[in-house]
Amino acid sequence: MITAANLLRIIFPFYDPEVLRWSGEARLMRTLFFAWMAMGVVVLFSASYAESLDTSGTGLSIILKQIAYLWLGLNIFNFLVRLPLQVCLKLVPWFLIVVLLLIFLTKSGLGVEVNGARRWISLGPILIQPSEFMKPCLVLQAANLFGNWHRFPWRSRLIWLGIFALTLGSILLQPNLSTTALCGMGLWLIALASGLPWIYLISTALLGITTAVTSISIRDYQRARVTSFLDPFADPRGDGYQLVQSLYAIASGGVLGRGFGMSQQKLFYLPIQTTDFIFAVFAEEFGLVGCITFLAFLGLFTTMGLRVAMRCRHRVKRLIGLGVVIFLVGQSLLNIGVASGALPTTGLPLPFFSYGGSSCLSSLVLAGLLVRVARESNEAEVIPLGTKTAPAV
């Protein structure tokens, strides 16, 4: 039955009076996520205004779409923070298989090619990127597998390791090396945190590095990204153009920045300024002070997220919390590294900043999982299901 309070929470998903009964850490994590989203909306509004005005005649088209995605994502977030993690762990194998099938469909007639890669499926006017939804699925299933490693028979272990490998391979073939690398590193770090034997970790790390090097060596565009990253000014109007314009934007920001809305590079000089290179617009408008402030925010988020995870007495829940922090913070640092020229150009968005429905929804699912971990770290808030829980550590 939908009560007036529930209806109000659906319409205004940031409104939730039940939050007052949560633990302090759960409330703090929710506040940090909302602050991150608020910063992202402000920056995206500025970065997208000129493009929206040029393509639709109004400067609000992109930001209004993003707000719609946030509204949907926040309702999913509110649902997940009330859903016991044991239920999530029971359902995630089915979700993972469905998302994997959707990734396969990107190579079929339903797949949409953008910039030489088939990573999207068209649903009328909406494009979805299945690989984004794989991230929370991998966090949950990896935490369950590696957290209960000794409970799984070898046959089950090999089946799930094979599914993980198939998932990474299917994303790589889109081609999408950056998301493959992020998911691979996320799985590896969750396995490391679970205490798996070093022989497994070292062998999989070597296999991953070999796969990445092979992919770069056989794909011309990936090799061009690496060479342009090493010296973007060698071809400033060709392969190095994106990075050169991004560096110009960051340098133009100086110490205090040009001011909100005053970026010059977003005026059709910097490509994909609303997605992969949105941090460059942020740096140009808010300067070194703004960049340091945002990095400090990421540091605070990482500290609190790790504290929430480490307080959990259940191994699987602890690994879920660690996995969420790894994916959100790791992706953020990779995006910033690309925009600042510290890493080769990739296609990873900046969570809660970059425009895109799939990325927005995926990030909010991860956020909901971490807040739920924070709620369940207080044993009084755990909802009993009458099922066997993960082993305590």
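Placement of Cβ uses the backbone N, Cα and C atoms for every residue, glycine included.
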Transmembrane segment per Swiss-Prot - which of 203-222, 223-242, 243-262: 243-262
Recorded membrane side (Swiss-Prot) equal for LYS266 and GLU376: no
Structural state census, the topological domain 'Cytoplasmic' (307-318) (DSSP three-state): 9 helix, 1 strand, 2 coil
Non-local residues, at least 6 beyond the ends, that sit with Cβ under 8 Å of the topological domain 'Extracellular' (52-60): 268
Positions on the same chain near the topological domain 'Cytoplasmic' (141-157), where near means CB under 8 A and six or more residues out: 89, 92-93, 96, 164, 186-187, 190-191, 193-194, 196, 315-320, 322-323, 390-391
Local confidence of the topological domain 'Extracellular' (263-285) - pLDDT mean: 94
Outside the topological domain 'Cytoplasmic' (1-30), six or more residues from its ends: residues with CB under 8 Å to it: 71, 74-75, 77-78, 81, 304-305, 307-308, 311, 370-371, 374-375, 377-378, 381
Contact ranking winner - 31-51, 286-306, 351-371 against the transmembrane segment (120-140), Cβ under 8 Å: 351-371
